[in-house]
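Q: Quick one: this structure, given as structure tokens, is what I'll be asking you about.
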Amino acid sequence: MSQLTKPPVVMVTETDTDGAGGVRGWVRELALGLRFAVTGGRRGWIRTALTAFGVGLGVAMLLVASSIPQMLENRDGRGDARQIAKYDSEKASDRSFLYFPNNTDYHDITVTGMLLQAEGKGDIAAPPGLTELPKPGEMAVSPALAELLSSPEGALLKDRLPYKITATIGDTGLTGPNELAYYAGTSALTEASAGGRSEGFGGGPRFSEPLNGILLLIVLIAFIALLLPVAVFISSAVRFGGEQRDRRLAALRLVGADRSMANRIAAGESLCGALLGLLVGGGLFTLARHWASEVTVWDISAFPSDLSPAPALIALVAVAVPAAAIVVTLFTLRSVSIEPLGVVRNSTPRTRKVWWRVLMPVLGLVLLLTQTGSISMGGTSINSLLIGAGALMVLVGITVLLPWLVEAVVKRLDGGPVAWQLATRRLQLSSGTAARAISGIVVAAAGAIALQTLFSSVEGNFIKPTGADTEQAHLHVSSQVRDGAEARAKLGQYADSRGVAGLVGIVESTANQTGPKPAGEEEFLFTALTVGDCASLRQLAKLPSCEDGDVFTVDKVDKYDQYTYYPRAGQKLSLGGNRNHGDAGEQLAWQIPADAKRVKALIDPSGERTGGVLATPSAVDLAKLSKPWATAMIKLDFKTPNAMEHARNAVAELAPPPQPTTVREIELNEVNAKFAGIRTGLLIGATATMALIAVSLLVTTLEQLRDRKRLLAVLMAFGARRSTLCWSVLWQTAVPIGLGLALATVGGMLLGQVLLLMVGTIATDWLVFLPIIGVGAGLILLITLLSLPPLWRMMRPDGLRSE
């Protein structure tokens, strides 16, 4: 039985049909469209709800994106506020304290730590988030670290931090809610062993350098590639239910509305969905903001207060989204002839013009080519406006080319099985709808391919191999010791740790050439002196033979150009310290044995080369060395559970604890860290964009199925098989997405090559598009499978009912 819904009463007069209408006419007809959107029956409500949800998702994404600058500024501000205020040595006072940075790694996460020791009893400044310095043996921790330490997963870390928890660090002392951080009080620091002395926090010098030109280019292209799909999705969402809307507009033409009035009423309907979408987006953003502290993405977390878009950006979104809804609707209706007796669109549409569609990406490429060779590692600025405009034109051009490409291909398709014929005929009648449904993922894929082409080709400038042998060493530990006895004790403690399979243990110091300064030299000549057993020395140099008591000299190595003296066998050295520093003690002469062999340095397990003199323990008295360092390159037995953490715990038992570093194949420095940070940001943005695209595709697919419900029911009534109809729907999705991904591959690779011309390099991987295309195709397949259950339910006779 049919369901009847009373439509709004429409009184059209001669004045109403005046195309000009003026401002009052626009307002009146937009308001009428708003009424149709909310009082147009169940189908009208569903269409408005889908539009509002789709626009809301895009608006929420835009609000999150506009919050990122403020979030980064807040994180940096809190990080700067907890920096030690001064780094220079000062005299002890009632307000001073000694500090020692004591960061540690636990599994694959970093724990930020600081040891503090008050030197006076005055009013000593506390770190942000605390009211006082922790007393010796006590510790203040972040909430996330407190939770980890109280769990079974944090048992080994708790052994490493044997302090009593007496306070919790407040939000002002943390860069994020899930940061692992602590401040511990100690009484073991001395002026010599501490990292320094200070009287407060905040205001310390910042050593960060600005982003270089290549990183700036990556950030700019990433910004465009990640946000453009959001804009495309919003423009698609405001067109949901277009066919049903146009049939309603035909009824309005029948009662006297002219074409212009009908178009403005349609714009009013879209405006209603957009306005509701703003409310939905605001609600989703509020929920995301509320739960922000519970989510960590790629090791980044944020406080709810960090997600605060600038008022100007909020206003821009609030104005741009409704305006876009009106403009997109009016632009779409240019090619639709809404007549009193129906909508002239089910006949074969006129061929789309291609010249202006090709012109847009071509002009974009021309703009980018003007910047060829203009960007380098040494530069710190780029022409953001011109490059951004060029990249935007290329990606938007790919989007506007897609409908023409789909139309040009599907109109040549003919014959085949019934499911194929149903699919191709539907595409021939509404190729624009099919292209619009996948335009978001196409532009996202094109941007990702261009970005990955650039990324893979320039990462060699940022990711440099260390030469380390990660099979022979996993941890590198170096700490200053008082004498040889302490050095042997430390190396022995490392070797006896649970999970340690072996180590290269050496004692490092410097030695001077004896006598006065050589003629013409401004400084005393000095060299490196390394002491270790034969097994350890064999990891440092190619030794013909080795016994305790042997000494070897090493040729100069580039890595150690700071050493100005490379002695020969039989020459004398002074072991009293580096005389150039003015802190050398008693100069104790030591002669290199006459039979000392000349050997060639090898790359040790940590990736370094050692020059100067290599000596076994019996050949030199360690007590004579000035300010020696005990260094261990530790090899772990990973058959022992948590071997890495047991070794780190053994190192942490020393006071003050050395900073063990994980032996890595990739060099770490500030530029590399920025590159890694940008990559992390891209992963976060790509994850959010792909999630939005997945939801948008699902919503779009459901909207199209709902629009075709009656048609599917008619086909079922005439005896079409459900399997045939399902395959036809699958082909209607597969053909456009195949064409779209092919276009994205060509456009993305072309844009990527032009970007490489700008940085003066060439592509190193021509297959970077395969993973991206695979993800896109997999996403389409997943959404199609999710749409099959509602499709199956729609193919029922009750679909013939109408309102």
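Sequential numbering from 1, following the chain as shown.
Cβ from N, Cα, C; glycine included.
Annotations for this protein, taken from TrEMBL, read as follows:
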{"type": "DOMAIN", "residues": "221-331", "note": "domain 'ABC3 transporter permease C-terminal'"}
{"type": "DOMAIN", "residues": "686-795", "note": "domain 'ABC3 transporter permease C-terminal'"}
{"type": "TRANSMEM", "residues": "45-68", "note": "transmembrane segment"}
{"type": "TRANSMEM", "residues": "214-238", "note": "transmembrane segment"}
{"type": "TRANSMEM", "residues": "271-292", "note": "transmembrane segment"}
{"type": "TRANSMEM", "residues": "312-333", "note": "transmembrane segment"}
{"type": "TRANSMEM", "residues": "354-373", "note": "transmembrane segment"}
{"type": "TRANSMEM", "residues": "385-406", "note": "transmembrane segment"}
{"type": "TRANSMEM", "residues": "434-455", "note": "transmembrane segment"}
{"type": "TRANSMEM", "residues": "681-699", "note": "transmembrane segment"}
{"type": "TRANSMEM", "residues": "711-731", "note": "transmembrane segment"}
{"type": "TRANSMEM", "residues": "737-759", "note": "transmembrane segment"}
{"type": "TRANSMEM", "residues": "766-788", "note": "transmembrane segment"}
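Please go over these features one by one and say how buried each is and what sits next to it.
A: Shown for the domain 'ABC3 transporter permease C-terminal' (221-331): DSSP residue counts in helix, strand and coil, namely 89 helix, 2 strand, 20 coil.
Long-range contacts of the transmembrane segment (385-406) within the same chain: residues 217, 220-221, 224-225, 228, 232, 352-354, 357-358, 360-368, 370-371, 427, 431-432, 434-436, 438-439, 442-443, 446-447, 450, 735-736, 739-740, 743-744, 747, 750-751, 758, each at least 6 residues beyond the stretch ends and with a Cβ under 8 Å from a Cβ of the stretch.
Within the chain, the transmembrane segment (681-699) has long-range Cβ neighbours (under 8 A, six or more residues past its boundaries) at 50, 53-54, 57-58, 61, 64-65, 218, 222, 226, 229-230, 233, 236-237, 240, 297-298, 300, 437-438, 440-441, 444, 448, 451, 775, 779-780, 782-783, 786-787.
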Q: Of the listed stretches (214-238, 271-292, 711-731, 766-788), which one yields the highest count of Cβ-Cβ distances below 8 Å with the transmembrane segment (737-759)?
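A: Stretch with maximum Cβ contacts: 766-788.
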Q: Against the transmembrane segment (766-788), which of these stretches has the most C-beta pairs under 8 Å: 45-68, 354-373, 434-455, 711-731?
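A: Per the Cβ under 8 Å count, 434-455.
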Q: Can you tell me which of 45-68, 214-238, 354-373, 711-731 gets the most C-beta pairs within less than 8 Å of the transmembrane segment (434-455)?
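A: Ranked by Cβ pairs under 8 Å, first place goes to 214-238.
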Q: If we skip the immediate neighbours and take only residues 6+ beyond the ends of the transmembrane segment (214-238), which ones have a Cβ under 8 Å from one of its Cβ atoms?
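A: For the transmembrane segment (214-238), the sequence-distant neighbours (Cβ-Cβ under 8 Å, at least 6 residues beyond its ends) are 50-51, 53-55, 57-59, 61-62, 65, 270, 273-274, 277, 321, 324-325, 328-329, 375-377, 380-382, 384, 387-388, 391-392, 395-396, 399, 436-437, 439-441, 443-444, 446-448, 450-451, 454-455, 458, 461, 674-675, 678, 681-682, 685-686, 688-689, 692-693, 696, 699-700, 755, 758-759.
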Q: Same chain only, please: residues at least 6 beyond the ends of the transmembrane segment (354-373) with a C-beta under 8 Å from a C-beta of the stretch. Say none if there are none.
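A: Long-range Cβ neighbours of the transmembrane segment (354-373): 382-383, 386-387, 389-394, 396-398, 400-401, 404, 747, 750-751, 754-755, 757-758, 760.
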Q: Calculate the per-residue pLDDT averaged over the domain 'ABC3 transporter permease C-terminal' (686-795) and state the result as an integer.
A: 81
